[in-house]
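Novice: My structure is below; once you've seen it, I'll send some questions.
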2 protein chains.
Amino acid sequence: MRILLKMSYNGKDFHGFQYQHNYRTVQGVIEAALTKMHKRQMRIHPASRTDRGVHALEQYCHFDTDLGLTTGKWHYILNRNLPADISINEVAEIPEDFHVRYHSKGKTYRYSVYTADTVNPFFYGLKTHYPHELDKERMLAAMQPFLGTHDFTSFSSAKAEIVNKVRTITEFRIEETEAGFDFIISGSGFLYNMVRIIVAYIVEVGAGRRKPETEAIIRQKDRTIVPRTAPAEGLYLEKVHFDGAFEK
Amino acid sequence: MRILLKMSYNGKDFHGFQYQHNYRTVQGVIEAALTKMHKRQMRIHPASRTDRGVHALEQYCHFDTDLGLTTGKWHYILNRNLPADISINEVAEIPEDFHVRYHSKGKTYRYSVYTADTVNPFFYGLKTHYPHELDKERMLAAMQPFLGTHDFTSFSSAKAEIVNKVRTITEFRIEETEAGFDFIISGSGFLYNMVRIIVAYIVEVGAGRRKPETEAIIRQKDRTIVPRTAPAEGLYLEKVHFDGAFEK
């Protein structure tokens, strides 16, 4: 039986999603809970691996089990056995040929920035502090050209080994918050650090620290033009998009 | 020259205020920053020592210095050299016979509870999860008798070595939040764990898990009647009260 978990987590105290020996990771914590229940080593498969310090408002993983529990029982037992920085929000039984990573069609990320002059200790690990006035219209103008299908070499980590850097961005918008701005970006897929590099560029444009020249930067396919990467703490995996049947 | 700092901090990653060898504490982090600047061991004196995991929306400390910096310069340099879970909000020069602990006249605490069925990972370390419906009127009725001057033996840690357990409560009220309830309590002084024991009792009354019988419990002067202590993570030092001149 294949079980799908819909969950959220606070990434602050995790060294990312993926299992690492001797480090606290989301995968490590969930697999430890499942391994204890099954009395054998269990493996989970996520829709998306998030980096160290990155949060998830909506993330999915699945695992195969022969325990025969109801989804309600899984929900209850897992939340009882997981730490308070992870929450299982829904449990479903899915077909054994469904794989959350291969069947996902896209993702939405949120990046949260606050612009107060001084640090707010209660945003520690949860929002990025950028103490500059940001011009919303100027940012929107620089955001618009990201929409559509482009080669995003200029906005991806040079470390990324993927050859094809063409991706499609379907949504890129701003939500004003009490404390600053949230950037919401959706697409078919994202290159390594792509959202954090794009946000670093947009806030520099918003602060008047660089010119809006998105089309030219995309065209040049050169990461060195956009050297900064916004910190992990402001980044949230907001939604994973599936085909109709598993759209939650 | 005696310098007063008004600050806030997120207590989650601190082992409390007071210096402890080999543990990260608020005092340890601030003294390390000051010691580096002065090139000699510096000491700070707080208005109130908060326990491990307890937050401060408004806390004060003072120290003596011969560096001769302006208050604006202190503000800037300290915030640059302190981690993002502490914020210095104001700096003032004060007379050398003023001591923030001895001159404080009382304190206000806030205790924040959320009542959702499941854990919210983004309240991790910042609010206490109590997944029960709470009856506000029932809680208010149990809160009212705390006002005034009483012997609070029943609501203080048995470990407290203080002999005189008479304290005066001047305010005890509820603020409804999006997620649950905040309890705001002010008084001339508080015994060890007193706020956390009172809140544990009030939420049990609110959930219908025990009878409201505040007067009787106070009268019995017996801690065993109120065995629980609410967790540190929901507790905030909200305000320290001084005589007019230093009231911020």
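Just so it is clear, glycine is given a Cβ too, placed from its N, Cα and C backbone atoms.
Quick paste from TrEMBL:
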{"type": "ACT_SITE", "residues": "A:Asp51", "note": "active site, nucleophile"}
{"type": "BINDING", "residues": "A:Tyr109", "note": "substrate binding site"}
{"type": "DOMAIN", "residues": "A:9-102", "note": "domain 'Pseudouridine synthase I TruA alpha/beta'"}
{"type": "DOMAIN", "residues": "A:142-243", "note": "domain 'Pseudouridine synthase I TruA alpha/beta'"}
Novice: Once near-sequence residues are set aside, which residues in the chain of the residue listed as 'active site, nucleophile', 6 or more away, have Cβ atoms under 8 Å from its Cβ?
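Specialist: In sequence order, A:Gly16, A:Phe17, A:Ala232, A:Leu235 meet the Cβ cut-off.
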Novice: I'd like the number of other C-beta atoms within 10 A of the C-beta of A:Tyr109 (substrate binding site), please.
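Specialist: There are 25 of them.
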Novice: Reduce the DSSP letter at A:Asp51 (active site, nucleophile) to three states and note it down.
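Specialist: Going by the DSSP assignment, A:Asp51 (active site, nucleophile) belongs to neither helix nor strand, so it counts as coil.
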